[in-house]
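As C-alpha coordinates, the structure follows; a few thoughts come after it.
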(Lines of atoms letter the chains of each structure in order from A and count residues from 1; the text may use other names and numbers.)
(Lines give C-alpha, C1' and ligand atoms only; values in the text may rest on other atoms or scores of the structure.)
Protein backbone atom coordinates (compact mmCIF):
# COMPACT_ATOMS: atom_id res chain seq x y z
CA UNK A 1 0.00 0.00 0.00
CA UNK A 2 1.12 3.58 -0.75
CA UNK A 3 0.47 4.68 2.83
CA UNK A 4 2.82 1.99 4.17
CA UNK A 5 5.85 3.69 2.59
CA UNK A 6 8.12 5.08 5.33
CA UNK A 7 7.92 8.84 5.89
CA UNK A 8 11.62 9.25 5.12
CA UNK A 9 11.19 7.62 1.71
CA UNK A 10 8.14 9.76 0.98
CA UNK A 11 10.10 12.90 1.85
CA UNK A 12 12.98 11.92 -0.44
CA UNK A 13 10.58 11.10 -3.30
CA UNK A 14 8.66 14.34 -2.74
CA UNK A 15 11.82 16.47 -2.73
CA UNK A 16 13.19 14.70 -5.81
CA UNK A 17 9.93 15.28 -7.68
CA UNK A 18 9.92 18.95 -6.62
CA UNK A 19 13.50 19.49 -7.80
CA UNK A 20 12.73 17.76 -11.10
CA UNK A 21 9.65 19.95 -11.54
CA UNK A 22 11.74 23.08 -11.03
CA UNK A 23 14.26 21.91 -13.63
CA UNK A 24 11.66 20.98 -16.24
CA UNK A 25 9.75 24.22 -15.62
CA UNK A 26 12.82 26.11 -16.77
CA UNK A 27 12.20 24.72 -20.26
CA UNK A 28 8.76 26.31 -20.20
CA UNK A 29 10.05 29.62 -18.91
CA UNK A 30 12.64 30.02 -21.67
CA UNK A 31 10.39 28.81 -24.50
CA UNK A 32 9.20 32.33 -25.50
CA UNK A 33 12.78 33.57 -25.99
CA UNK A 34 12.75 32.99 -29.80
CA UNK A 35 9.55 35.03 -30.00
CA UNK A 36 11.13 37.92 -28.10
CA UNK A 37 14.31 37.75 -30.15
CA UNK A 38 12.09 38.34 -33.17
CA UNK A 39 10.24 41.19 -31.43
CA UNK A 40 13.51 42.91 -30.47
CA UNK A 41 15.02 42.32 -33.92
CA UNK A 42 11.97 43.78 -35.68
CA UNK A 43 11.40 46.49 -33.05
CA UNK A 44 7.71 45.51 -33.05
CA UNK A 45 5.34 43.06 -31.36
CA UNK A 46 3.68 42.52 -34.77
CA UNK A 47 0.58 40.33 -34.32
CA UNK A 48 1.81 38.57 -31.20
CA UNK A 49 -0.37 38.75 -28.12
CA UNK A 50 0.78 39.69 -24.62
CA UNK A 51 -2.17 38.00 -22.93
CA UNK A 52 -0.47 34.60 -22.39
CA UNK A 53 2.28 36.30 -20.37
CA UNK A 54 -0.28 38.19 -18.27
CA UNK A 55 -2.14 34.98 -17.48
CA UNK A 56 1.12 33.16 -16.75
CA UNK A 57 2.26 35.95 -14.40
CA UNK A 58 -1.01 35.89 -12.46
CA UNK A 59 -0.76 32.10 -12.14
CA UNK A 60 2.87 32.26 -10.96
CA UNK A 61 2.11 34.94 -8.36
CA UNK A 62 -0.91 33.12 -6.92
CA UNK A 63 0.98 29.81 -6.76
CA UNK A 64 4.01 31.52 -5.20
CA UNK A 65 1.74 32.85 -2.45
CA UNK A 66 0.23 29.38 -2.00
CA UNK A 67 3.72 27.89 -1.58
CA UNK A 68 4.77 30.30 1.18
CA UNK A 69 4.85 29.08 4.82
CA UNK A 70 2.10 31.59 5.62
CA UNK A 71 -0.33 29.50 3.58
CA UNK A 72 0.89 25.90 3.26
CA UNK A 73 3.46 23.60 4.84
CA UNK A 74 6.49 22.06 3.09
CA UNK A 75 5.80 23.52 -0.35
CA UNK A 76 9.09 25.32 -0.93
CA UNK A 77 9.55 23.88 -4.49
CA UNK A 78 6.17 25.35 -5.43
CA UNK A 79 7.22 28.75 -4.11
CA UNK A 80 10.64 28.70 -5.83
CA UNK A 81 9.49 27.53 -9.25
CA UNK A 82 6.67 30.04 -9.42
CA UNK A 83 8.73 32.97 -8.12
CA UNK A 84 11.33 32.26 -10.83
CA UNK A 85 8.52 31.96 -13.36
CA UNK A 86 7.11 35.32 -12.25
CA UNK A 87 10.48 36.99 -12.89
CA UNK A 88 10.56 35.54 -16.42
CA UNK A 89 6.99 36.65 -17.15
CA UNK A 90 7.61 40.19 -15.87
CA UNK A 91 10.70 40.38 -18.10
CA UNK A 92 8.67 39.25 -21.12
CA UNK A 93 5.83 41.67 -20.33
CA UNK A 94 8.16 44.66 -19.91
CA UNK A 95 9.88 43.79 -23.21
CA UNK A 96 6.50 43.45 -24.91
CA UNK A 97 5.40 46.84 -23.58
CA UNK A 98 8.60 48.52 -24.78
CA UNK A 99 8.10 47.39 -28.38
CA UNK A 100 4.28 47.49 -28.54
CA UNK A 101 2.32 50.24 -30.26
CA UNK A 102 0.63 52.86 -28.10
CA UNK A 103 -2.74 51.07 -27.90
CA UNK A 104 -1.22 47.70 -26.96
CA UNK A 105 1.20 49.42 -24.58
CA UNK A 106 -1.60 51.06 -22.58
CA UNK A 107 -3.68 47.87 -22.57
CA UNK A 108 -0.75 45.78 -21.33
CA UNK A 109 0.12 48.32 -18.63
CA UNK A 110 -3.49 48.28 -17.45
CA UNK A 111 -3.57 44.48 -17.31
CA UNK A 112 -0.22 44.36 -15.50
CA UNK A 113 -1.49 46.76 -12.83
CA UNK A 114 -4.68 44.69 -12.58
CA UNK A 115 -2.62 41.54 -11.93
CA UNK A 116 -0.69 43.20 -9.10
CA UNK A 117 -3.94 44.62 -7.73
CA UNK A 118 -5.56 41.16 -7.71
CA UNK A 119 -2.52 39.68 -5.98
CA UNK A 120 -2.66 42.40 -3.30
CA UNK A 121 -6.36 41.67 -2.72
CA UNK A 122 -5.72 37.91 -2.50
CA UNK A 123 -2.78 38.31 -0.10
CA UNK A 124 -4.52 40.88 2.11
CA UNK A 125 -7.80 38.95 2.08
CA UNK A 126 -6.24 35.59 2.91
CA UNK A 127 -4.23 37.10 5.77
CA UNK A 128 -7.51 38.23 7.30
CA UNK A 129 -8.45 34.55 7.66
CA UNK A 130 -7.18 33.65 11.11
CA UNK A 131 -7.73 29.90 10.79
CA UNK A 132 -4.68 28.44 9.02
CA UNK A 133 -6.58 25.49 7.49
CA UNK A 134 -9.28 27.75 6.07
CA UNK A 135 -6.63 30.08 4.62
CA UNK A 136 -4.91 27.09 3.02
CA UNK A 137 -8.17 25.92 1.44
CA UNK A 138 -9.05 29.43 0.19
CA UNK A 139 -5.71 30.09 -1.48
CA UNK A 140 -5.46 26.46 -2.57
CA UNK A 141 -8.70 26.66 -4.55
CA UNK A 142 -7.50 29.87 -6.20
CA UNK A 143 -4.14 28.38 -7.16
CA UNK A 144 -5.82 25.17 -8.37
CA UNK A 145 -8.26 27.11 -10.58
CA UNK A 146 -5.40 29.25 -11.90
CA UNK A 147 -3.29 26.19 -12.78
CA UNK A 148 -6.19 24.41 -14.49
CA UNK A 149 -6.93 27.48 -16.61
CA UNK A 150 -3.25 27.74 -17.54
CA UNK A 151 -3.02 24.08 -18.52
CA UNK A 152 -6.25 24.41 -20.52
CA UNK A 153 -4.88 27.34 -22.53
CA UNK A 154 -3.11 25.10 -25.12
CA UNK A 155 -6.48 23.57 -26.06
CA UNK A 156 -6.85 26.02 -28.94
CA UNK A 157 -3.42 24.90 -30.21
CA UNK A 158 -4.47 21.24 -29.90
CA UNK A 159 -7.64 22.03 -31.85
CA UNK A 160 -5.54 23.81 -34.49
CA UNK A 161 -3.21 20.81 -34.82
CA UNK A 162 -6.15 18.44 -35.29
CA UNK A 163 -7.82 20.72 -37.88
CA UNK A 164 -4.68 21.50 -39.89
CA UNK A 165 -2.90 18.17 -39.29
CA UNK A 166 0.22 20.23 -38.66
CA UNK A 167 2.33 20.81 -35.53
CA UNK A 168 3.74 24.07 -36.88
CA UNK A 169 2.50 26.06 -33.88
CA UNK A 170 3.12 23.35 -31.26
CA UNK A 171 6.90 23.04 -30.72
CA UNK A 172 8.02 19.62 -29.52
CA UNK A 173 10.25 20.81 -26.67
CA UNK A 174 7.49 23.04 -25.29
CA UNK A 175 5.08 20.09 -25.23
CA UNK A 176 7.73 17.83 -23.71
CA UNK A 177 8.57 20.39 -21.00
CA UNK A 178 4.88 20.75 -20.17
CA UNK A 179 4.51 17.00 -19.80
CA UNK A 180 7.65 16.51 -17.71
CA UNK A 181 6.95 19.45 -15.40
CA UNK A 182 3.30 18.45 -14.89
CA UNK A 183 4.24 14.83 -14.20
CA UNK A 184 6.91 15.88 -11.69
CA UNK A 185 4.50 18.10 -9.75
CA UNK A 186 1.76 15.48 -10.02
CA UNK A 187 4.09 13.09 -8.16
CA UNK A 188 5.18 15.88 -5.80
CA UNK A 189 1.54 16.60 -4.90
CA UNK A 190 0.81 12.91 -4.36
CA UNK A 191 3.85 12.43 -2.13
CA UNK A 192 2.91 15.59 -0.23
CA UNK A 193 -0.79 14.61 0.01
CA UNK A 194 -1.75 17.95 -1.55
CA UNK A 195 -4.78 17.79 -3.85
CA UNK A 196 -4.36 21.44 -4.81
CA UNK A 197 -1.14 20.42 -6.54
CA UNK A 198 -1.76 16.93 -7.89
CA UNK A 199 -5.22 17.58 -9.35
CA UNK A 200 -4.29 20.45 -11.73
CA UNK A 201 -0.95 18.85 -12.58
CA UNK A 202 -2.73 15.58 -13.29
CA UNK A 203 -4.80 17.47 -15.85
CA UNK A 204 -1.60 19.07 -17.18
CA UNK A 205 -0.01 15.62 -17.52
CA UNK A 206 -2.95 14.32 -19.56
CA UNK A 207 -2.87 17.37 -21.84
CA UNK A 208 0.91 17.02 -22.18
CA UNK A 209 0.53 13.39 -23.27
CA UNK A 210 -2.13 14.44 -25.77
CA UNK A 211 0.17 17.10 -27.24
CA UNK A 212 3.03 14.61 -27.60
CA UNK A 213 0.76 12.02 -29.23
CA UNK A 214 -0.47 14.63 -31.72
CA UNK A 215 3.07 15.79 -32.37
CA UNK A 216 4.32 12.33 -33.31
CA UNK A 217 1.22 11.69 -35.39
CA UNK A 218 1.35 14.89 -37.44
CA UNK A 219 5.02 15.91 -37.41
CA UNK A 220 5.70 14.56 -40.92
CA UNK A 221 2.95 16.75 -42.34
CA UNK A 222 4.25 19.95 -40.76
CA UNK A 223 6.19 22.66 -42.50
CA UNK A 224 9.93 22.10 -42.53
CA UNK A 225 10.66 25.52 -41.13
CA UNK A 226 9.25 25.95 -37.67
CA UNK A 227 7.35 29.11 -36.86
CA UNK A 228 7.74 31.18 -33.71
CA UNK A 229 6.49 29.12 -30.75
CA UNK A 230 2.94 29.19 -29.52
CA UNK A 231 2.33 32.87 -28.82
CA UNK A 232 0.18 33.64 -31.86
CA UNK A 233 -2.21 36.53 -31.46
CA UNK A 234 -5.43 35.93 -29.61
CA UNK A 235 -6.12 39.57 -28.80
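Every residue gets a Cβ built from N, Cα and C, even glycine.
Beyond its flanks by at least six residues, the transmembrane segment (16-36) meets 48, 53, 76-78, 80-81, 84-85, 88, 92, 95-96, 171, 173-174, 176-178, 180-181, 184-185, 187-188, 191, 228-231 of its own chain at Cβ-Cβ distances under 8 Å. Residues annotated as transmembrane segment in TrEMBL: 16-36 (among others).
Under the heading transmembrane segment, TrEMBL lists 48-67 (among others).
Annotation source TrEMBL lists transmembrane segment at 79-99 (among others).
The transmembrane segment annotation in TrEMBL covers 111-130 (among others). Remote same-chain partners of the transmembrane segment (111-130), defined as residues 6 or more beyond its termini with a Cβ less than 8 Å from a stretch Cβ, comprise 50-51, 54, 57-58, 61-62, 65, 70-71, 93, 97, 138-139, 142.
Sequence-distant contacts of the transmembrane segment (136-160) (same chain, six or more residues past either end, CB-CB distance under 8 Å): 52, 55-56, 58-59, 62-63, 65-66, 71-72, 122, 126, 129, 169-170, 178, 182, 194-196, 199-201, 203-204, 207, 210-211, 214, 230, 234. According to TrEMBL, the transmembrane segment annotation covers 136-160 (among others).
Residues or ranges marked as transmembrane segment by TrEMBL: 172-191 (among others). Residues 10-11, 13-14, 17-18, 20-21, 24-25, 27-28, 31, 77-78, 151, 154, 197-199, 201-202, 204-205, 207-209, 211-212, 215, 219, 229-230 of the same chain, all 6+ positions outside the transmembrane segment (172-191), place their C-beta atoms under 8 angstroms from a C-beta of that stretch.
Residues 75, 78, 144, 147-148, 151-152, 154-155, 157-158, 161-162, 167, 170, 172, 175-176, 178-183, 185-190 of the same chain lie 6+ residues outside the transmembrane segment (197-216) yet bring a C-beta within less than 8 angstroms of a C-beta in it. Taken from TrEMBL, the feature transmembrane segment applies to 197-216 (among others).
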